[in-house]
Each structure stands twice: as structure tokens, then as C-alpha cells.
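Here the structure is laid out as C-alpha cells; the discussion comes afterwards.
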Amino acid sequence: MQKSSSASSLGPGGLDLSQSFFKPIQNTAPPSPTKRHTKVSVIGVGNVGMAIAQTILTQDLVDELALVDAKADKLHGEMLDLQHAAAFLPRTKINASVDYSVTAGSDLCIVTAGARQNPGESRLNLLQRNVAMFSNIIPPLAKYSPDSILLIVSNPVDVLTYVSWKLSGFPSNRVIGSGTNLDSSRFRFLIADHLDVIAQDVQAYIVGEHGDSSVALWSSISVGGVPVLSFLQNQHIAYEKETLENIHKAVIGSAYDVINLKGYTSWAIGYSVANLARSLLRDQRKIHPVSVLAKGFYGIDGGDVFLSLPAQLGRGGVLGVTNIHLTDEEEQRLRESAKTILEVQSQLGL
């Protein structure tokens, strides 16, 4: 499919009417070189990719959006569908192509593409197919946008973020996985629901693998600045550890609940990734639990591994990892989570 975009050539023979429609004023100067043109590319236009694209557009985060997918007809249709909403959206140039050259000059490349599991297929074989797919995705992104930030959303996100780091040759601060950013939002929602407060007043993190070995950091949870567990202890309010574990299990099972009910997840991950994009592109220096190169943190060793830790994000990507205090049990669980990911990488020969 040839690259398509919005155009001003509406006249006979492709005449550029924009030159005739407007008359320039006198004594003008070119635009300031400090004016940033922000471009984001989304790879994969499935339910997740389009939810991300739509949310980024409505939040006015970009000047240009590029979409890439292997299915030319669907890709073209999704591009047209977004373009037809131009009257209701901030002005954004929208391009789409099966050719990765459309992503050239991107500030942020968001990868959502991934192979679907076939009936009876092992998880390991699915992983191998996804790794093979990424070998055709990441190198051209790195070629056309050598200064961009890679944001990986495809699952298993921690392993594929590691793969992307290796394939791109980018410094580790410019390769990020969406990780447990959404898990932490689900966690905050459940706690807020229990306490009948707004989720934005709950400070809580899920770290480690985006999966079954994730770790809930109960020791650092606060609501309105009040540490929850310390408050309960000081007030001699009894609570059962099993109750806490059940909330964590509910977080892990949340995605499966949505998939069983509607067939896929889309809107929550769309908002989550758009939130990450805002922090990166607008240099917000906000802290998010995302998948980063974790070797050397909290006693994690045994090889290079990406997993989620509370990290400060800005225009340079990962600016640093928060020195959050973990209990001995939380540290041990985090190291076990790292081992789980490293074992998968070992099985794949990575």
C-alpha cells in the first residue's frame, strides 16, 4: 500500500490550492527553529493499537501520527476513519503505510504488533514467533528514527522489551516497556474502591513481571499521603494478609476478566500508554512503573533483564529509577520475578 495522508491538492490536475487560497502578509520570517514538531508512530492497528492512537489524538499529544501494519486494507481503513474525524480533533497529520519509511523522524515509536496464539500452540512457540516478528519490526524503526524512544506494549512485554533493546542497539534509557503501568492503575482502582476514595489519591505500585510473578508493594501504599499499613498498625486495626493477597490476585486476573467478557482489552491500555506518551513527549518527569533494564537494582543479577520498577520518565526516556523502600519479602519476590523472566529468555536462547 502506498503511503497516504491528508493533502491540499484538490484542484484540477492536483493543483495545490493552499497557495492560491491564502495571501501572505509582508515582512514575514520563517517559523522559529525552536518550535518542536512531535511525531509518534504506532506499529500494529489492532484493538490495542487503535485505542492508543485514538487516545493520543484526542489528548492532542502529537502533530503527526504514523500507522504501520502488515494488513494493507485494514490499515488504510483505520487511517481514513481517523482522518474523517478531523473536524472534531486537534489538527494532526495522519499517515499510514506498510512501509516503515512512513515512521521516519518519529519522537516515539509504540509497538503493539504481536502474533496470536494458535489452538494447541505452546507459550514458548508463540514467544519464538513474536521474537521473529520483532526482528522485522525493530531494525527498520531504529533505521528511520535513530533518536526515537521505543515503547513496547506487545506481550510478553518484559521479554519483548529486552529483545527490542538488543535489536535496536539503542541505549537502555530509550527502550521502555509498558510493563505494570496498567496493573498499577487496576491496583489503585481496587484499593480506592475498598476505601471509597478517588483512585488518583491512591499511591500504589505493582512491580516486577507484567504477569503472574508481579509484586504488590503493600509497604509503600498511601492514600492522601497517609501510609495505609502503618496507619492500620498504629490504630490497632486488624487486617488479614490473605485479604491483601486477594486484591493482588484480582489485579492479575483483571485482564482475563475483560477478555472473557468482551474478547480483548483495549481502552484501559490505550489510556495507560497515552499517559506514558504524555510523560515522555511533554517531559513531565512523572514516575511510572514501567519495564526498564533492572540489572543492579534491589539485588537483581544473573543477566540483563527488563521488568517494571517505578521510573521517572521525560524527553530523554527513562531518567532514573525511584529509590523506593522495599521490605525484605518484597525484595525477595522481586528477585524471583526477575528469575522467572530470565528463565523464559534462556529457553528462547536470548
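Every residue gets a Cβ built from N, Cα and C, even glycine.
TrEMBL entries are annotated by machine, without manual review.
Quantities reported herein were computed from a predicted structural model and do not represent experimental measurements.
What TrEMBL annotates here:
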| type | residues | note |
| --- | --- | --- |
| DOMAIN | 38-177 | domain 'Lactate/malate dehydrogenase N-terminal' |
| BINDING | G44, V45, G46, N47, V48, G49, D69, N130, V153, S154, N155 | NAD(+) binding site |
| DOMAIN | 180-343 | domain 'Lactate/malate dehydrogenase C-terminal' |
| ACT_SITE | H210 | active site, proton acceptor |
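Everything TrEMBL records as a feature, shown here on the structure.
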residue : record              : contacts (Cβ under 8 Å, 6+ apart)
G44     : NAD(+) binding site : V68, D69, V111, T112, A113, G114, S154
G46     : NAD(+) binding site : T112, A113
V48     : NAD(+) binding site : T112, V153, Y264, T265, S266, I269, G270
N155    : NAD(+) binding site : G114, H210
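Helix, strand and coil counts from DSSP across the domain 'Lactate/malate dehydrogenase N-terminal' (38-177) read 65 helix, 26 strand, 49 coil.
A simple Cβ count within 10 Å picks out one of the recorded positions D69, V153, H210 as the most packed, and that one is H210. In the predicted model, the domain 'Lactate/malate dehydrogenase N-terminal' (38-177) shows an average pLDDT of 94.
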